[in-house]
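As structure tokens, the structure follows; a few thoughts come after it.
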Amino acid sequence: MEPWAGCCIFLRGFSFLLVLMTEGAKGGPFKESLGVCSKQTLLVPLRYNESYSQPVYRPYLTLCAGRRICSTYRTTYRVAWREVRREVQQTHVVCCQGWKKPHPGALTCEAICSKPCLNGGVCAGPDQCECASGWAGKHCHVDVDECRTSLTLCSHGCLNTLGSFTCSCPNPLVLGPDGRACAGGPPESSTSAGILSVAVREADSEEHALRREVAELRGRLERLEQWATQAGAWVRAVLPVAPEDLRPEQVAELWGRGDRIESLSDQVLLLEERLGACSCEDNSLGPGLHG
């Protein structure tokens, strides 16, 4: 058989002769699922063309024994078409009033609600909403105040929220794992005093380092002030020569030394401020702790 000789179906057209077989005719309307009033099976006769492999016998001549010419045949295949007629079953459901099919070929029905069900509600029946927890009303638009129900939801305080509620506890109690019952707060850490003691020692070490840095800068400042005094004497020795008679390198050197003196003075003031901030009074670290 050739590779192209497989079967394929080509629909040319079909006519419908519907034979209704309504289920539940004896015992009332058939209900397969919610909202389905009847179910019908339709016998639909179909007529279409179908391709198939048709054998073809072709004669040919061949050489037989005794050098005789014989006539025989071989089989080949070709694609041919034939008309097929058969009946197929189709199922059709009829929805009850207030229900509809999700799509035309569906075998189930869903309820129709004229207004949508809000806040996670679902349409469970004709114009009937099934609301999610925490909501009520015809269209699930009313928030339920759980805190005013007869049920004890929280061991202490209860606060209503949209669609739910939250519990609260008075100090020093805290909410437990279930979010409703209150339990004792976490015990005060026994290492708090030790942590503060370490902080005090670190602050003392930083203060000593700052004091050393201030002393070093003060020494440098004193040396620069001595040089400034000498420079002033030198300037006075140069004067009463007019300032415009000073050489440019002399003016530049004077300005540079003055800038360094001003910069060091600013650093000393900044360190003194930091040193003052590090100084702690006896009760600044809490009761019972001293620097």
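A Cβ is built for glycine as well, from the same backbone N, Cα and C atoms used for every other residue.
The signal peptide annotation in Swiss-Prot covers 1-27 and rests on sequence analysis.
Taken residue by residue with DSSP, C96 (disulfide bond) is part of neither helix nor strand, so it is coil. Counting only same-chain residues six or more apart in sequence, the Cβ atoms lying under 8 angstroms from the Cβ of C96 (disulfide bond) belong to G35, V36, C37, C109. Taken from Swiss-Prot, the feature disulfide bond applies to C37-C96 (among others), supported by similarity to another entry.
Residues near C70 (disulfide bond) in space but far in sequence (CB under 8 A, at least 6 apart, same chain), listed by position: L61, T62, L63, C64. As annotated by Swiss-Prot, disulfide bond applies to C64-C70 (among others), with the evidence given as similarity to another entry.
Look at Swiss-Prot and you will find C95-C109 (among others) tagged as disulfide bond, backed by similarity to another entry. Around the Cβ of C95 (disulfide bond), the same chain contributes G35, V36, C37, K101, C109, each under 8 angstroms and 6 or more positions distant in sequence.
The list of residues near the domain 'EGF-like 1' (110-141) in space but at least 6 beyond its ends in sequence, with Cβ under 8 angstroms from a Cβ of it, reads 34-35, 97-102, 162-164. For 110-141, the entry in Swiss-Prot reads domain 'EGF-like 1', with the evidence type sequence analysis.
Take the CB of C113 (disulfide bond) and look out to 10 A: across all protein chains shown you find 19 other CB atoms. The annotation disulfide bond is assigned in Swiss-Prot to C113-C123 (among others).
Taking a C-beta cut-off of under 8 Å and a sequence gap of six or more, C129 (disulfide bond) has these contacts in its own chain: C113, C117, G121, V122, C123, K138, H139, C140. Feature annotation from Swiss-Prot assigns disulfide bond to C117-C129 (among others); the stated evidence is similarity to another entry.
For C131 (disulfide bond), the count of additional Cβ atoms within 10 Å of its Cβ stands at 22 [all protein chains shown]. Reduced to three states, the DSSP call for C131 (disulfide bond) is coil. For C131-C140 (among others), the entry in Swiss-Prot reads disulfide bond.
According to Swiss-Prot, the domain 'EGF-like 2' annotation covers 143-183, on the basis of sequence analysis. Summarised as a single figure, the pLDDT of the domain 'EGF-like 2' (143-183) averages 87.
According to Swiss-Prot, the disulfide bond annotation covers C147-C158 (among others), on the basis of similarity to another entry. For C147 (disulfide bond), the count of additional Cβ atoms within 10 Å of its Cβ stands at 16 [all protein chains shown].
Under the DSSP three-state reduction, C167 (disulfide bond) is assigned to strand. In the shown protein chains, 19 other C-beta atoms lie within 10 A of the C-beta of C167 (disulfide bond). Marked as disulfide bond by Swiss-Prot: C154-C167 (among others).
Just so you know, the Cβ of C169 (disulfide bond) picks up 19 other Cβ atoms within 10 Å once every protein chain is counted. The disulfide bond annotation in Swiss-Prot covers C169-C182 (among others).
The coiled coil annotation in Swiss-Prot covers 198-231.
Within its own chain, C182 (disulfide bond) has S155, H156, C167, C169, P170, L173, V174, L175, G176 as residues 6 or more apart in sequence whose C-beta sits under 8 angstroms from its own. Secondary structure from DSSP puts C37 (disulfide bond) in a beta strand.
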